[in-house]
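Down below is the structure, laid out as structure tokens.
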Amino acid sequence: MSGLKHRPPADAASATPAEGLQLPRGSKVAAVLLRLLDHSWVSLVAAFAISAPIGLVLIASTGADPWFATLVTIDATVGTVNGIVNTLVYAAPRLFVALGAIVALRTGLFNLGGEGQLQMGALGAIIGGYYAASILPGWLGIPAALVGAVLFGGLWAGIAALFKLWRGADEMIVTLLLNFIATYFVLFLIQGPLRAVNSSFNQSERVPQTSELPALFGTRLHAGVILAIIVTVLVAVFLSRTRLGLELRSVGLNAAASRFQGLPIAALTVGALVVSGGIAGLAGANEVLGTQFRLIQGFSPGYGFEGLAIAFLAGLRPFRAAVLALVFGGIYSAATLLQQYAGVPVSIAYVVEGIPIVLLATFSGLQLLRAKRRKG
Amino acid sequence: MTGPTDPTDTPPRLRLRGMRRSFGPVVAVRDVDLDVAPGSVHALLGENGAGKSTLMNVVYGLHRRDEGSIEVDGTPVDVVRPADAIAAGLAMVHQHHMLVPSLTVAETVSLATPGRRVRWDRGAAAGRVAELAGSLGLDIDPDDRIEELTLAGRQRVEILTAVHRDAKLLILDEPTAVLAPSEVEPFFELLRRMAAAGRSIVLITHRLREVFAVCDAISVMRRGALVFSAPTARTTTAEVLGHLVPAAAPDGVTDAATGAVKPHPDAAARRPGAAGGPGSAGGIVLEVQGLRAPSAPGSTGLDDCSFSVGGGEILGIAGVEGNGQGELVRVLAGMAASPGGRITVDGEQLTGRPPRDRIAVVPEDRHHDGLVLDLTVEENLVLDHLGDYTRLGLLQAGAMKKDATAAVDEYGIVTASTSSPVRSMSGGNQQKIVLARALSGRPRVLVVAQATRGLDPGAAGAVLDRIRAARDRGTAVVFIGSDLDEVLSVSDRVAVLFGGRIVGEAPASTGRAAVTAWMVGSEPEQSPEKRPEEDPA
């Protein structure tokens with residue numbers, strides 16, 4: 001037997017915050033600072049203020065010019081029209097996945113399957129936007145693609161709900177493993193049955209122009225970004241203002257009491273996971289119809305897990321998720337340009353960009369501890 | 001008052017003198033003197049809140065004692081922390097086991113025994129544990145994981161751990177509460193074997209029958225004080241019962257130390273018609289026949305439970321916890337099915353979840369089953385009838401707020417706003433929300449379980465007033481409680497749940513003695529034909 005021990009992810013999760021973990025009881029200044037961090041924008045600013053000097057030192061250590069790297073970062077995010085556009089375009093898929101995750105997590109369901117659901121959503125978008133669109137009138141191309149994406153993503157997540165209700169299988173494990181099945185199933189399809197004729201890459205045919213999400217202002221910006229904003233508002237309204245949203249939140253906060261008050265737990269479980277997967281599926285459609293126009297091998301650089309991270313960092317709040325998706329989109333945009341123009345190795349670029357994320361996670365952890373202490 | 005003194009020169013295993021412990025203004029343990037002989041099983045009896053567990057927690061160092069001295073085998077011991085008690089040879093097994101689920105039995109037992117060596121020999125430890133278990137006649141596999149064991153199995157592991165540590169005195173807090181009926185007898189044999197081997201055992205319980213089956217001596221606590229102590233051979237059930245429940249206790253008196261009962265000296269007189277039996281006021285509303293529910297550890301389940309309640313009547317369901325109360329609530333709430341049982345309201349048989357204008361339930365554990373603590377007051381108030389506040393899928397926030405404000409006014413709920421989360425509120429205000437929601441559907445039947453648990457006297461009184469008001473409007477109320485004084489003071493009629501069935505019914509004015517006898521499973525002193533008929537035709 002090998003000495004290597006494989007740690008299942010469930011163990012890693014249970015190793016997180018110890019119950020007895022206490023905040024340092026420091027000075028009043030520290031207390032005030034900690035209270036400030038309860039405001040999400042303060043923690044956002046603080047995260048970047050702290051990471052900037054560390055990042056510059058790291059960049060300098062690779063031999064690149066930190067000043068130039070700073071300029072590139074600004075250009076890639078807020079400094080130029082292209083930077084802003086790229087940030088928005090990179091933010092959209094992450095936001096879709098985050099919104100999907102929020103719906104499930106608010107219901108108390110750990111949907112870790114955003115990646116698989118967006119893969120299946122991309123497949124649904126191709127089937128709707130290419131194959132179905134070929135027999136439909138042109139104006140139905142986009143709706144067919146979007147419906148396909150929501151349907152495929154939703155049903156894929158629904159599998160986890162069925163396993164949970166049928167045999168009590170943990171949706172965390174099932175959704176996680178469904179990621180692999182979805183990713184490789186899609187890869188199989190674009191290597192074989194759905195592969196574009198005469199293509200040297202593993203990719204599908206290009207969707208007809210009628211199925212493309214319209215470009216905006218003559219830039220890379222496309223309607224998927226608008227759709228992401230609309231879905232953000234819809235999810236926020238759904239959770240706070242609709243009966244179903246309240247029922248989902250109630251189940252997520254206290255399943256036992258919800259059952260006692262007669263809420264249909266099983267139906268709500270299925271519903272939450274299907275809606276969650278459907279929204280994640282839109283991330284796939286967004287990529288296929290808005291940026292790539294094909295289903296290409298490796299089209300997702302891990303949107304699924306970034307989306308999940310965004311959902312958690314946003315405290316499961318849709319509008320905060322939108323802001324954080326912009327942050328993540330900007331980080332991706334900057335990392336790409338830093339490598340291309342500033343000569344910063346992409347690995348270092350990601351390390352630098354990862355610092356604020358780690359800080360944000362730390363801050364939200366501190367908030368949780370504070371909240372716990374207040375209640376305790 | 002002193003316990004039985006050992007005539008010989010051997011000092012008692014445990015000698016307590018002047019033990020006292022207060023929590024704020026409440027004196028939980030009041031100047032208790034107690035002797036426990038070596039090699040004996042000593043029962044510590046008392047109702048809920050009598051101070052049994054607190055006294056033993058103080059002895060074990062879980063609570064600091066305010067005053068008093070502890071001697072073990074004649075040596076004074078200053079117990080400040082559990083470690084001191086353990087060093088003195090004491091061990092305590094709690095109602096809620098404190099074990100690491102993923103460890104094996106052998107690991108658990110070894111962990112609890114302070115060792116000197118760094119190296120731990122798994123095989124040797126397992127062998128020792130197996131040998132020890134064998135000597136105690138316990139069926140335990142040292143390689144089983146704790147999480148695979150039943151509650152009874154975990155209890156055996158805790159006892160094994162104590163013996164492995166060579167504890168001289170084991171304190172067992174309601175050990176039979178987690179045992180299925182069939183597991184009780186072997187457990188008693190284990191206690192006898194340990195006593196025969198020279199260990200002393202303090203058995204905290206409120207089950208009178210157990211006491212006479214296994215114990216050498218019996219002590220009774222009431223309202224924090226030790227009121228009786230005698231060897232089992234020199235006393236009788238009647239005598240112990242007399243100390244447990246003094247016959248002189250007036251109906252529904254307020255207990256300053258434990259509780260919450262608002263005095264209602266004339267509960268029965270106020271509603272003269274109600275004391276006569278079901279239906280004397282407004283006709284039978286709720287009729288329950290032959291309810292059954294499987295027995296779980298710690299509970300007897302339901303076994304042919306039948307009763308009926310009239311409109312405008314409060315039927316108190318008294319009984320020691322674990323005699324089917326939880327199951328009864330779940331079945332009445334439609335959360336569990338009862339094979340062969342029937343529930344009818346106004347003559348109409350109900351199946352599944354009852355409509356909220358038929359039966360409304362205030363569950364025992366309001367944090368677990370009653371409320372979603374992080375939802376707002378408004379949201380919690382409408383959780384079971386959201387449909388009334390929905391148009392085209394959208395919640396009608398205005399209507400929710402309006403009705404919530406009205407409920408807050410009507411029930412005197414103290415909250416910053418109707419849109420604040422329920423979590424930040426006091427227990428009394430939380431309970432009022434649960435009650436307000438239940439009554440907002442104008443139910444024909446209100447089922448309330450442990451209505452005032454954890455509430456301060458003021459809030460408890462307000463909640464009970466609301467329940468009486470509902471009764472006065474003609475609602476049939478089932479009031480399930482474990483505080484007998486409270487049940488007697490609130491109810492018009494009292495039924496006793498024992499072993500999952502109603503074993504007796506009487507007007508609340510009958511007094512405590514008969515009810516208490518039923519609660520511990522024995523017949524009251526009165527003639528049996530006075531018992532109301534249990535199976536109305």
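Here the Cβ of each residue, glycine as well, is placed from N, Cα and C on the backbone.
Any TrEMBL annotation is an automated prediction that lacks curation.
Annotated features in TrEMBL:
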TRANSMEM  A:41-60  transmembrane segment
TRANSMEM  A:91-109  transmembrane segment
TRANSMEM  A:121-140  transmembrane segment
TRANSMEM  A:146-166  transmembrane segment
TRANSMEM  A:173-194  transmembrane segment
TRANSMEM  A:221-239  transmembrane segment
TRANSMEM  A:260-283  transmembrane segment
TRANSMEM  A:295-314  transmembrane segment
TRANSMEM  A:321-342  transmembrane segment
TRANSMEM  A:348-369  transmembrane segment
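Remark: the transmembrane segment (A:295-314) makes no contact with the transmembrane segment (A:41-60), by the rule of 3 or more CB pairs under 8 A.
Simply put, out of A:91-109, A:173-194, A:221-239, A:321-342, A:321-342 has the most Cβ pairs sitting under 8 Å from the transmembrane segment (A:41-60). Within the same chain, residues 115, 117-118, 153, 157, 171, 224-225, 227-228, 231-232, 235, 238-239, 248-249, 251-253, 255, 268-269, 272-273, 275-284, 286-287, 290, 300, 303-304, 306-308, 310-312, 314, 316-318, 321-322, 324-326, 328-330 sit at least 6 positions outside the transmembrane segment (A:91-109) and bring their C-beta atoms closer than 8 Å to a C-beta of that stretch. Residues of the same chain lying 6 or more positions beyond the ends of the transmembrane segment (A:121-140) and with a Cβ under 8 Å from any Cβ of it are 146-153, 186, 189, 194, 204-205, 207-208, 210-211, 278, 280-285, 287-289, 294-295, 299-300. By the Cβ criterion (under 8 Å, sequence separation of 6 or more), the transmembrane segment (A:146-166) is in contact with the transmembrane segment (A:260-283), since 3+ such pairs are found. Listed by sequence, the residues of this chain that lie at least six past the ends of the transmembrane segment (A:173-194) yet keep a Cβ under 8 A from its Cβ atoms are 9-10, 110-113, 115-117, 119-120, 122-123, 126, 156-157, 159-160, 163-164, 202-205, 295-297, 304.
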